[in-house]
Amino acid sequence: MIETIDQVRELNRIQEVPHEGPMCDLLWLDPDDRGGWGISPRGAGFTFGQDISEQFNHTNDLSLIARAHQLVMEGYSWLHQESVVTIFSAPNYCYRCGNQAAIMEVDENHTRQFLQYDPSVRPGEPTVTRKTPDYFL
């Protein structure tokens, strides 16, 4: 079980993701509303509750876990009283989810700001405008 950032740094991350072990666990870990550890409904990895994220942040002198690899429709999502944020940077994932993408900026004062991006039009598909034509006004 990985409990410190130093343990993450020691991992050989330049490899294909194995089917089990710390690399696999890190990739598939998802925050959850339930406390403690749980089995992920995605079929791989585990879920972790607010108690786990609080302990990890405390042990590592952190205030935030910023993570990815989980679709969120607005591009980002806060959990565990804003001690965990999921950031998803692929708009309209697989050309079918219609989700936004986001980037988190953190300034020198640790102020966080999110830039959200709408999906672009898929090549070959007609452009859809969100502007109401004048004849409806």
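We number each residue from 1, going along the chain as drawn.
Positions of Cβ are set from backbone N, Cα and C atoms, glycine also.
Note: TrEMBL annotation is automatic and uncurated.
Taken verbatim from TrEMBL:
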DOMAIN    1-121  domain 'Serine/threonine specific protein phosphatases'
Averaged across the domain 'Serine/threonine specific protein phosphatases' (1-121), what pLDDT does the model get? Just tell me the whole number, please. 94
Take the domain 'Serine/threonine specific protein phosphatases' (1-121) and count its residues per DSSP category (helix H/G/I, strand E/B, coil), listing them in that order. 26 helix, 31 strand, 64 coil
